[in-house]
Amino acid sequence: MLLILFSLVGMLGVQYTYFLSIAYGNAVGFFICCIMMFGGIYVQINTVILRYLEMELKSPFTTSFGTMKRRPVLLVEVIDEHGVRGWGEGVAFAAPWYTEETIETMWHMLEAFLIPLLFQAPVHHPDELLERFSIVRRNYMAKAALEGAVWDLFAKRHHIPLHVALGGEKKEVEVGVSIGIQPITDLLKRMEQALIEGYRRVKIKIKPGWDIDVVRAVRHHFPHVPLMVDANCAYSLRDIARLQALDDYELLMIEQPLAVDDIVDHAKLQAKLKTPICLDESICSYEDAKRAIELKSCRVINIKIGRVGGLTEAKRIHDLCQQHHLPVWCGGMLEGGVGRAHSIALATLPYFSFPSDTAASANYWERDFITPEVTVRDGRIFVRHEFGIGYEVDVTEVEKRTVRLKICKRSRG
Ligand SMILES: O=C(O)CCC(=O)C1=CC=C[C@@H](O)[C@@H]1C(=O)O
Ligand SMILES: [Mg+2]
C-alpha cells in the first residue's frame, strides 16, 4: 500500500517538475532527481532482445588505424513487466582497434553475464547498475548498451525525456563533424560542404606523415574555422617535434596523440605543447579521469557513453571535470540513431563545452533506423521533448537489417 502511494507521488512529482522545468527553466533538476530516487517506482525487466544489424556507412571512414565501411550495430531492447520498452546501442566496431571490445564480445558479455545480472533484481534507478555490473571487469560498451536501454525505459516510465532524467539543461546542442583521412582535395571539399551545412567545428584525422602539411593546407583554405585533429593513439614521445609544430595552427585541441595507456607520457607532452590535449581512448572511467586531471595529462576530455560504461559514469565524469574546470565534450562512435539519441541527451548537461561529434543521421547513413532521423539546423540539434530518448525506433528498418536475434527471458522460478 505504502509502495503504491510512493509510486504515485513519485510519478506525479516527476511529471509536475518536468512541466515546471519547461515553464521556468531547469533550476528544478536536482529536485527531479530526488523525487526519482525516493518516488518508489521500480523497473523489473523481464525480457531483453539483442539484435545484430548489418549496416553500411555512406562513405568509408579512415583513421590512423584503418578504414571502415561496414559498420554493424548491436541493438538492445529491454521490456518491463508493464510492456514498456527501452532501447540501447552497443557501439563497439567489428574489430578491436578502437578499444578491446568488438560487436561479438559485447554480445557474449551481455548474454552470458550482464543480462542475467539485470534479471536478478528490480531497478529503482539506473544509477544502481554501475555497481551491479561492476563484478564484470571492463567491457564498458556492453555495459553501456544495456544500461542505456534501462535509462530510456526508466525515463518513459516516469513520463519524462531522457535528458531531463539525466539533469540536462540545454534545449539545443551544438554539433561538429569528424572527417576521415582522404586525399587533400576531397578533404577540403568535404569540409566546405560541412561548413555550408552549418557544422560548428571540424575534426580531421591525423597520423605520422599525414599531419603538418594537411593542417597547413586546411588552415590556408579555412583560416578561422574552429578546427581540431584526432590521432587515435598514432604517436609516441619520439614525435614531440612534429606535434609541437601543430601549435602554429590555432587548433582547438589535439585528440589522443599517444597510446591508450600512456597517461604519464601525455602529461609530459602536454607540458611541452601550447595546444590543449584532449583524451579519448585513455579515459574509460571516473578513476581514469581523476588520474588524468591529477597528472595534468590533458586539458579537455572527450566523453563517449560507450567507452566509459554508460550514462551514469558519463555524468560522474562530467561533474568531476566541472569541479576541476576541465572542459568536456561528447564524442561519437559512428552510431546508429539510438546511440546518437543517447549522446544528444547527455550533451544537454551544462559543462559540455565544445560542439559534439554527433552529426546528422544523413552524414552516415542512407537511411537511419529511427524516426524522425537526427537533423542538424545551423549547427544545432534541437532536443526533443518526447519521453525517453525522444526518437521512435523504426522496427521495419531494424528488421530489414537484422541478421541475428536473441530473446532472453527472466525465469520467474
Ligand atoms: O562522427 C562520429 O561519430 C565521430 C567519428 C570519430 O571521429 C570516431 C569514431 C570512432 C572511433 C574513431 O575513429 C573516432 C574517434 O576517435 O573519435
Ligand atoms: Mg577520438
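Note that Cβ sites are derived from N, Cα and C of the backbone, with glycine treated the same way.
Per TrEMBL, the Mg(2+) site holds D230, E255; the candidate it also names there, chosen from D211, D280, D288, is D280. Listed in chain order, the residues near the Mg(2+) site other than D230, E255, D280 are K203, M228, V229, A231, N232, I254, Q256, C278, L279, E281, N302, G331, each with its Cβ within 8 Å of the site Cβ centroid. For the recorded site, D280 (Mg(2+) binding site), the DSSP three-state label reads coil. For ligand 2, the neighbouring recorded positions among K205, D230, E255, D280, K304 are D230, E255, D280, by Cβ distance under 6 Å. Across the structure, D280 (Mg(2+) binding site) and K304 (active site, proton acceptor) place their CA atoms 8 angstrom apart. Of all the binding-site residues given, namely D230, E255, D280, the one with the smallest number of surrounding CB atoms inside 10 A is D280.
Distance from the CA of K205 (active site, proton donor) to the CA of E255 (Mg(2+) binding site) is 9 Å.
Across the fold, the C-alpha of K304 (active site, proton acceptor) and the C-alpha of K205 (active site, proton donor) stand 17 Å from each other.
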